[in-house]
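Peer 1: Before I ask anything, let me first share the structure, which is written out below as structure tokens.
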Amino acid sequence: MKLNIAVLPGDGIGPEIVAQAQKVIDAIAVKFDHEVNYTNALVGATAIDKVGNPYPDETHEICMNSDAVLFGAIGDPKYDNDPKAKVRPEQGLLAMRKKLGLYANIRPVTTFPSLLDKSPLRLDIVEGADFVVVRELTGGIYFGEKGRSEDLKKAFDTCTYTTEEIERILKLAFSYAGKRDKRLTVVDKANVLATSRLWRETAQAMEADYKDIEVDYMFVDNAAMQLIQWPKKFDVMVTENMFGDIISDEASVITGSLGLLPSASVGIHTSVFEPIHGSYPQAAGKDIANPIATVLSAAMLLESLDLLDEAKAVRDAVNESLDAGVVTEDIARDGKASKTSEVGDWLTNFIKNN
Ligand code: IPM
Ligand code: MG
């Protein structure tokens, strides 16, 4: 098969971790006889510095014309501490999501047996936890009307959802639950927010079409609590944009390292695959960042193109590397840390030789 992949390394550690995922994809391509063409494109602070736009039109064109997008990370501290900055790297990510119609962000949370002790939670609480957060990604307060009053003493952000937007993400979440343990938790704040009440109403109306799925409804504050207390209780959680942003970061620490979790953003046009962590600027250029979340994102990318054996080969290699202790410093034991590039090389060799 011929694969055209847009590569958007972005900022901070983005280029280093994406390079490892590319090495892994290349090894897979050789092993399974595929031809991969990469097209690199600018995004984030790097794109602002070079062309003044965090998601340039050219990058959008490249994404639109590719089979999938492999994305690193965006964000630069020079913008974080400047609330008055006119353009921000994050706007690039939001523009990409909107323009590609990526209305769903899928974040699977699984534990790795060899790393259970890295979780801040007790072993008996996390062992066997396995769930997916489905986050709505192109609506809600992120994209609603926002502004500042003339005297600058008032600011507002509006949360808006239409039935159509809610239905399409719920459909996807129901179908995910159907392929898993058939349990869906709809997370909202229906006791306070009108948009949440529309979410709940819409989900309740759809239940009849998915009789085999057990649906429950949970307020987001309660969900935040239960996620830590009983992570094993969840199968698929679906929620609106900002709740999903918060819940999915919370969920990620359950497994022990933010550096392990991949994600897929899917919707109308080309899907985007990216680690859930940020640009980790303190580590940029040091060859120490954990590439596994990006490598597992590459596995999700392969899966999305129906290359299931290929995706499995990537996951097998990752599991072997974790068991063998070939890991970066965030999850290393006894000071035995490998470099980012060494982990990438190990995975590549494992794929070649197995
Ligand atoms: C994420 C990030 C982004 C978000 C930021 C960088 C805009 O936190 O992908 O979860 O809030 O969606
Ligand atoms: Mg986030």
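Heads up, the Cβ atoms here are built off N, Cα and C, so glycines get one too.
Bear in mind that the values here come from a model prediction, so they are computed numbers and not experimental data.
TrEMBL lists ARG97, ARG107, ARG135, ASP221 with the feature substrate binding site. The Mg(2+) binding site annotation in TrEMBL covers ASP221, ASP245, ASP249. Look at TrEMBL and you will find 4-347 tagged as domain 'Isopropylmalate dehydrogenase-like'. TrEMBL lists TYR142, LYS189 with the feature site 'Important for catalysis'.
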Peer 1: As a test of reading the model: what is the averaged pLDDT for the domain 'Isopropylmalate dehydrogenase-like' (4-347)?
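Peer 2: Across the residues of the domain 'Isopropylmalate dehydrogenase-like' (4-347) the model's pLDDT averages 95 on the 0 to 100 scale.
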Peer 1: Mind giving me a neighbour count for ARG97 (substrate binding site)? Other Cβ atoms within 10 Å of its Cβ, every protein chain shown.
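Peer 2: Taking every protein chain into account, the count is 21.
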Peer 1: Within 8 Å of the Cβ centre of ASP221, ASP245, ASP249, which other residues of the chain have their Cβ, at the recorded Mg(2+) site?
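Peer 2: Apart from ASP221, ASP245, ASP249, the close residues are VAL220, ALA224, MET242, PHE243, GLY244, ILE246, ILE247, SER248, GLU250.
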Peer 1: Any idea what DSSP makes of LYS189 (site 'Important for catalysis'), helix, strand or coil?
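Peer 2: The residue in question, LYS189 (site 'Important for catalysis'), is coil (DSSP, three-state).
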Peer 1: Taking only the Cα atoms, work out how far ARG107 (substrate binding site) lies from ASP249 (Mg(2+) binding site), in Å, as a whole number.
Peer 2: 10
Peer 1: Does any of TYR142, LYS189, ASP245 have a Cβ within less than 6 Å of an atom of ligand 2? These are the recorded positions; tell me which, or none.
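Peer 2: Going through TYR142, LYS189, ASP245 in sequence order, those close to ligand 2 turn out to be ASP245.
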Peer 1: Under 8 Å Cβ-Cβ from TYR142 (site 'Important for catalysis'), six or more apart in the same chain: what's there?
Peer 2: LEU94, ASN241, MET242
Peer 1: Taking only C-alpha atoms and a 10 A limit, tell me which of LYS189, ASP245, ASP249 are near ASP221 (substrate binding site). These are the recorded positions.
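Peer 2: Correct set: LYS189.
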Peer 1: Would you find the one among the recorded positions ARG107, ARG135, LYS189 whose Cβ has the most company, meaning other Cβ atoms within 10 Å?
Peer 2: ARG135
Peer 1: Checking your reading of the structure: which of the recorded positions LYS189, ASP245, ASP249 lie inside a 10 Å Cα sphere centred on ARG135 (substrate binding site)?
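Peer 2: Passing the 10 Å Cα cut: ASP245.
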